[in-house]
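Asker: Below you'll find the structure I mean.
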Amino acid sequence: MADNPLWHETLHDHFGQYFSVDNVLYHEKTDHQDLIIFDNRAFGRVMALDGVVQTTERDEFIYHEMMTHVPLLAHGNAKHVLIIGGGDGAMLREVSRHRSIETITMVEIDAGVVSFCRQYLPNHSAGAYDDPRFTLVIDDGVNFVNQTTQTFDVIISDCTDPIGPGESLFTSAFYEGCKRCLNPGGVFVAQNGVCFLQQDEAVGSHRKLSHYFRDVSFYQAAIPTYYGGIMTFAWASDNEALRHLSSEIIQARFHKANLTCRYYNPAIHTAAFALPQYLHDALSAP
């Protein structure tokens with residue numbers, strides 16, 4: 001490792017992580033962004049944007065399995081799914097494993113992201129872009145959810161952190177648009193950062209989402225790349241019962257879907273909705 005340069009993440013002040021860089025595959029630094037993809041011996045291929053790790057080959061499966069199978073199996077009868085972002089294709093890969101889904105729409109603001117990730121992160125999409133149920137829409141996510149005539153059973157917001165371009169996907173305008181195009185009984189989920197370090201983000205999302213949905217909460221997963229504690233995923237629906245389904249129901253749906261996962265299982269599904277007390281306290285604070 002001493003012979004390899006080190007790449008340091010810059011997400012948090014006074015605290016962080018680094019990766020040794022075995023080989024830089026791509027690096028573009030402009031006035032608008034700093035994008036790098038490199039190989040790391042421990043985590044495989046790593047993609048970082050503006051000094052923040054977005055995904056790695058080693059542990060991406062945890063994030064993407066939890067962002068897809070939790071809402072889809074909780075819903076139980078999703079036919080039309082919307083993915084906001086997700087240009088690396090891994091979210092599409094996991095959604096497409098549910099054969100009962102009829103349409104998968106993905107909204108990505110930059111067409112170049114998709115072609116770029118297909119070239120440099122082919123294992124993420126694993127051929128899912130060729131699924132005949134899939135439609136790619138090049139548009140801003142906020143604009144799409146507020147203008148589309150389509151409706152969806154599950155909406156997955158695969159957003160970056162709420163800084164720079166990703167900030168719009170944490171706004172009331174976005175959440176209102178998602179409610180607008182979500183079918184009755186539908187589920188909205190979104191990544192919401194590591195709550196121990198980014199607690200204000202969770203509190204802000206909870207407050208805004210509560211204006212549009214009757215049941216707003218979070219679920220969690222431990223993802224090594226997103227260090228600092230558990231990662232939280234926002235959950236919003238008008239049907240609170242979907243968050244409290246019995247393990248027997250989830251097990252039956254999991255079996256029917258014929259899924260084989262590396263992180264997700266029905267027990268993880270149920271346990272994921274148990275949140276630490278400090279988050280409960282923050283969400284209930286006046």
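Each Cβ is built from the backbone N, Cα and C atoms, and glycine gets one as well.
Got these off Swiss-Prot a minute ago, pasting:
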type	residues	note
ACT_SITE	ASP158	active site, proton acceptor
BINDING	GLN33, GLU108, ASP140, GLY141, PRO165	S-methyl-5'-thioadenosine binding site
BINDING	HIS64, ASP88, ASP158, CYS159, THR160, ASP161	spermidine binding site
DOMAIN	5-238	domain 'PABS'
Asker: If you count other C-beta atoms within 10 angstroms, which of the binding-site residues ASP88, ASP140 is the most crowded?
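Answerer: Compared across ASP88, ASP140, the most Cβ atoms within 10 Å surround ASP88.
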Asker: Provide, as an integer number of angstrom, the distance between the C-alpha atoms of HIS64 (spermidine binding site) and GLY141 (S-methyl-5'-thioadenosine binding site).
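Answerer: That comes out at 19 Å between the alpha carbons.
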Asker: Given the recorded positions ASP158, CYS159, THR160, which one's Cα is the least distant from that of GLN33 (S-methyl-5'-thioadenosine binding site)?
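Answerer: Sorting the recorded positions by distance from GLN33 (S-methyl-5'-thioadenosine binding site), the top entry is THR160.
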Asker: Across the domain 'PABS' (5-238), what does the mean pLDDT come to, as a whole number?
Answerer: 94
Asker: Provide, as an integer number of angstrom, the distance between the C-alpha atoms of GLY141 (S-methyl-5'-thioadenosine binding site) and ASP158 (active site, proton acceptor).
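Answerer: About 11 Å separates the two Cα atoms.
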Asker: Sorry to bug you, but what's the C-alpha spacing from ASP140 (S-methyl-5'-thioadenosine binding site) to THR160 (spermidine binding site), rounded to the closest Å?
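Answerer: Rounded to the nearest whole number, the Cα-Cα distance is 14 Å.
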Asker: Between the recorded positions GLU108, ASP158, where is the Cβ count within 10 Å the lowest?
Answerer: GLU108
Asker: What's the CA to CA span in angstrom from ASP158 (active site, proton acceptor) over to ASP88 (spermidine binding site)?
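Answerer: On Cα coordinates alone, these residues lie 10 Å apart.
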Asker: Taking every protein chain in this structure into account, which of the binding-site residues GLN33, THR160 has the most other Cβ atoms within 10 Å of its Cβ?
Answerer: THR160
Asker: Between CYS159 (spermidine binding site) and ASP140 (S-methyl-5'-thioadenosine binding site), what is the CA-CA distance rounded to a whole number of Å?
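Answerer: Cα-Cα, rounded: 12 Å.
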Asker: When a 10 Å sphere is centred on the Cβ of GLY141 (S-methyl-5'-thioadenosine binding site), how many other Cβ atoms does it contain?
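Answerer: Other Cβ atoms within 10 Å of GLY141 (S-methyl-5'-thioadenosine binding site): 26.
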